[in-house]
Amino acid sequence: MIKNGTCPFWERDDLSECARREYIEFKFPLFILLTGMIYAFCKVFRAFYLRRKNHTNEAPEFEEQGNGNHEYARFSVLRLKSAWESRSFCNVNNRSTFDKFKKFIEGAFIVLQLTIHLYILSNMPMDNKKFFHQGFLVQMFLWILLLVVITLRLISASQSFRWVLACKRDLWAVSFYSYASLFTLSILPLRSVFIGKIKDKIMVKYIISETFIDLALLLLLSTSSIEGTRYSFLVENENKKLPPAPTVFGLLTFSRIDRLIWKAYKHCLGNADIWDLDINNKSIAILANFEMSSKKGRLLPNIICYFKAVFISQLFLAFVSSFLNFVPSLLMPRILSYVNDPKSQSWNLVSLYVSSMLVSKIIATTCRGQGLFLGEKGTMQLRTVLISNIYSKTLRRTILKDSTTSLQKNASTSFEENPDSSEAEPRKKSSRKDNSVNNVMSIDAFKVSEAMNTFYLACEAVFMTVTALMILYSLLGWSAFAGTFALLAMIPLNFWCATFYGNYQADQLILTDKRTSGISEALNSIRVIKLLAWENLFYQKIINVRDGEIRLLKKKATIFFLNHLIWFFGPTLVSAITFSVFIKFQNQTLTPTIAFTALSLFAILRTPMDQIASTVSLLIQSFISLERIQDYLNEPETRKYEILEQSNTKFGFEDASMEWEAAETSFKLKNISIDFKLNSLNAIIGPTGSGKSSLLLGLLGELNLLSGKIYVPTVESRDDLEIGKDGMTNSMAYCSQTPWLISGTIKDNVVFGEIFNKQKFDDVMKSCCLDKDIKAMTAGIRTDVGDGGFSLSGGQQQRIALARAIYSSSRYLILDDCLSAVDPETALYIYEECLCGPMMKGRTCIITSHNISLVTKRADWLVILDRGEVKSQGKPSDLIKSNEFLRESINNDSKNTTHNQIDLKRSTTSKKTKNGDPEGENSQDEVCAEVENFEETKMEGSVKFSAYKWLADYFGGLGVVFVFTSSAILIHGITLSQGFWLRYWLETGSSGSKSTWLYRIVEGHSNIYFILTYIVIGFVSSFLTSGKVWIAIISGTNVTKKIFAKLLSSILYAKLRFHNVTPTGRIMNRFSKDMDIIDQQLIPNFEGLSYSVVVCLWIILLIGYVTPQFLLFAIPLCALYYTVCTLYLRASRELKRIDNINISPIHQLFAEAIKGVTTIRALADERRFITQSLVAIDRSNAPFFYLNMATEWITYRVDIIGTLVLFSSSVMIIMKASYLDAGLAGILLSNAFSFTETAQWIIKVFSSVELLMSSVERIKEYTDIPSESNGYISPPANWPQTGDVELKNLSLRYSPHSSKALDNVSFKVKAGTKVGIVGRTGAGKSSIIAAIYRLSDWENGTIIIDNKDIKHIPLERLRNSISCIPQDPTLFDGTVRSNLDPFDRYSDVQIYGVLSKVGLIEECDELSLISEQEQPNFSSHKLRNRFIDLNTVVKSGGSNLSQGQRQLLCLARSMLGARNIMLIDEATASIDYISDAKIQKTIRETMKNTTILTIAHRLRSVIDYDKILVMEMGRVKEYDHPYTLISDRNTIFYRLCRQSGEFENLFELAKVSFDNKR
């Protein structure tokens, strides 16, 4: 009995009458009345007061800061928010008509309640009138208050009471608070009615009616949308679907997602079915709030500051949930006491205990669900913050070297930076590789964000541990502290394991970065790798790194085993120590009630121990990832906003010196003074490596400015510039040497955020010679260019990049060698019609080029560079007279400077894919066919059984899986025997023995015997369970090793067609995210699933065996369990797949930003790209958000079902109390306690397994792709001995639906013959190389080399027998030697010989270099070139070399192997004409007996060859000596020579060659 003053609160088994009258009917309602009235009055008065003051001018939501800071203007999210809102519209999810009708019903119930009060008050007996008047009057006033509140809520729609809208939500809150409180107060009186404690009929009717009305009002309000909340959505698409308006019931039980789950059950979901996010969860709002709350400094304090409200809410919910979770354990001793002696307590009281268990678990489940969902929502928001900050940093990060070394501690230092780098290359100057940067976003950001989920679990674990220990102390006394000390002793072991685990994790991340970098490099260069037959080389390099990862995974598995053993054995050890101390030192009797209550508490303690251990492990990983993110955010940023000076009259340099890096060997531009002519064409020329590209990058502010000044028209953001009357802005547009395109349509790439003007667009297309290409494409300007433009030819990519600059509103254009990728005819057309045409009116253009004769014709200003210095500048006509280099270059270009008229209505050609359809000879139909494949397909339905079987086969088959599952059944049987052993111990009565331990050991059954046996059973069970997990993980690691090797082999040896139509990012997703899932998540989840299923089956069978009546509850509960699980699994599967697909665009945008950051910054378009990233993040967040809501939806329902299992078990136990002993009842309740958690775990793990199995499906899909057909007849070792090549009736198409790239091609090349292959872009030239290398399967025909049909020769043997110099110079991360001779087949003398021949080192230095290899002393030997020694670092893609230098190094690589056949694909396009002439001379002199097939746009390069093969539309049109063809006016070759602008020179060279060979 609990007393308060003179009024007892509880009498025997019910609430006392005076307590009901004083507290339930008076004091508590009075408190509700006063708090509700004060709160409502304050809110209404405030709203009325503000309305009267008519505060219509609201303060701006965000204050502008740093208005003079151009960098702030470009990157501040606060500045973006207003622009975002102006482009979108606000859609408000209004209340339904039915919700409005419910308010009238609510008012009617309140009136009814007042009527009932008046009726009872008027009919109350006089002797009770004074007391009852007090309580009734309070309740009447409370209902009058609620009537006023509902009235105000109803009249808020009236124009006369619009001020009420401001406090409508507060009024709604008062109503809900009152209804919920009143219903809660009515529960105990209603119980008194049911058990017959209240006899008065009027009071019985009153209590029943009051409870019913309170419940009805509560249900009405809980199921109606929350008033006063403008649940609005900032959307870009009017058709975007909105979720149902939130209700209290929907928020608490997650029923708000019911419609989406039901829709997913009926059919597969698509992106269009996913509801939009509300404004508060939009990325722009999240980032704006984060930016306002953040201070300069480290990321972690800012994250804590921003999410402090979430943390506090989770802390409170964890406290409530943790306490309520122990209510069943507190009530368990009373239930077991009743089972032990049914007469000790009344049935009413025991039924109250059982009901209290049900209610407490439901409330605890609700609090836990809300706490976890807050964490999951925080995960989404933190992920948004991290990804956005990383993306924004990428747009600010410097392109220069040594911006960081945090991810690559062992990275080598480059010998010199690229003086003539292209767009893709400058961005790679950082020593952090782009793929490592991508890991920061794709892996580290996700790991850190997942830590938000752990905060609630960590708080819950702490509270549960403390509460459990307090209850244990009250139950066992000070012996509970013995167990506590044992528990604390395990914490250092946990931290020791966590420390080792974290160290291994950090080492693994380094290897993962290295592996993904290697894979990305291989994928980006797959065509060259196949041409060089280096698949095995790259396969072995990647596998070696992977082996290191596998070793670390196994070490982590061992640490996990130790940690797992501690987790499982901990409760056994703690309970054994506690019981021993309790019996021996406290001399207490251990009863079943005490023992099984303590065991239930120890079982509950296992959960927080698990959570603490897993939380520590996850937090360590998260902190490691956070440090990596912090390191990235701390990297140096571009200084362009500081070093560029704005000027309206000057554009250029004033005594400026610039460099790539602060190193002696770094390339420098020295004392540059150039004043470019405004509204004119300015040309920059110079030999290869002179610094032309670096000069342009310096003008853009991308290099380090050592001294001097750089003047540009503006440094403001593109959005802030005013458009002039001519439609132009004072901004710059940049077109890089290597074209940079975004994934999207041709229109997207050209318009690039500008306003679309059809006439202007058509004019730009025509001037850039793209109009014919567009017409040839089925989709026209809507043709998707693919990943990096891989569906287009190199020429088309360059022209689209140029068109983007021309179409822009920029008045200043900076073009880096944009004419080298097109044939001479197209180059001349673009120069005349575009660069010197009407599109350039009022514009200033700066262009670099090797085509000196072309660009100098109409240039107004010419700058000549050499070795980073301006040698001369001025008008071209003046410089030609005085500059020897210029005069020599023009003479080499053309002795006839008068070009012939060309047909401006020329036809352009079709496309070329990035890696495989080299010149794009496949038709535009193929483009459209490929475009259909650009979007990643979403798997539908459940994961196929074939995927499970495929994975099981790697484990050894389904038999191994069966054995593994059977072992789980046996092991848990051992675990259950612990409880039965304890029951047996207690039944023996030995616990009360007073004999000495030594004597009883001799005699037999002593306490120590039982305790030691109990410990042994627990240890064996824990060891076997942990060992099973360890075996599973180790086996899984071996399986993932095999799967990775299979996947890598499948990708590397796949047909080139696969790489053409599959974006690199999609393939990388398999190697990174999907492989990481199989490595670290899938197998542990499989093991956890099997264990949880076994546990649940054991529990159900145990309870059903002891109390068969339980099966009556079990059947409907299982049916309900199955139903909700089925609904959830289908919905979660669809949402997860959409989430996986929607993440890819974020990776794509990030990869594009890395490659194109120079172009983006030049256009001052950072703000638009940040906005695009936010849109992509929102599209990814939507399915992620609703997936988490669906997860909590199922968790809540499974918890409720588990609570019902506990409740039904308890009911069965008290009903069969006379037939059960307390020990058996304790075993049943202990297991029933764990059923909820285990059942919930099954759903989570099973859904996780199915979701994770989608990664297996995706990987399996890529292991089944067709590989290249291999030959089976090995030719002789010296094949090809002579070099005869013959094509017979060869036809080739790149896809079944495309036109023929080669159509019945036949020609023969004799050994030692040099053949030039010419023709317009897309004529089929590069398809010949593709056919000879068998990069694509032929439709028909044969290719004979030295009397061998190459179709039957093994691919590696074939490709190793032919040398090739591809059009795109591809180098790999390593050294000069590893790029030239990765297999160490050649000596230094041979390597220096080819370097000398291609002009990378001077001939006089060759012997010096060889002698210095033994004792290098480069300080005393000054080189003119950048190659210090053969171990000089070459970065991935050759990014630290100029385009020309890369091409020369590739030429040296092909010349190193003495092969009898060489294929050259436009290998000198990026080299100046003088160097080109020298290289061609070298080729002719050193390869006299080699058969050479050269594709060339520069006709001068092949005019003295033995034969010219003219291709057109995939057919051979002409094949003869150059002189023969050029002498015939009717030949295509004659027309090509005429259109080149140097006909007379070509004719003379051809004639000399012809005469020399007669």
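Backbone N, Cα and C atoms are what each Cβ position is placed from, and that goes for glycine too.
Taking the topological domains listed in Swiss-Prot, I24 lies across the membrane from T384. Checked against Swiss-Prot, the range among 352-374, 812-834 recorded as transmembrane segment is 352-374. Contact count against the transmembrane segment (352-374) (Cβ pairs under 8 Å) is highest for 1200-1220, out of 202-222, 559-579, 585-605, 1110-1132, 1200-1220. Residues 1209, 1212-1213, 1215-1216, 1220, 1224, 1228 of the same chain lie 6 or more positions beyond the ends of the topological domain 'Extracellular' (1106-1109) yet place their CB under 8 Å from a CB of it.
Just going by CB pairs under 8 A, the stretch in 170-190, 202-222, 1110-1132 that sits most against the transmembrane segment (30-50) is 170-190. Within its own chain, the topological domain 'Extracellular' (471-481) is flanked in space by residues 326, 329-330, 333, 578-579, 581-582, 585-586, 588, 594, 597-598, 601, which lie at least six positions past its ends and keep a Cβ under 8 Å from the stretch.
Residue counts for the topological domain 'Extracellular' (1106-1109) by DSSP state, with H, G and I taken as helix and E and B as strand, are 1 helix, 0 strand, 3 coil. Taken through DSSP, the topological domain 'Extracellular' (324-351) splits into 24 helix, 0 strand, 4 coil.
Below 8 angstroms of C-beta separation, residues 13-15, 20, 207-208, 348, 352 of the same chain, each at least six residues beyond the ends of the topological domain 'Extracellular' (191-201), sit close to that stretch.
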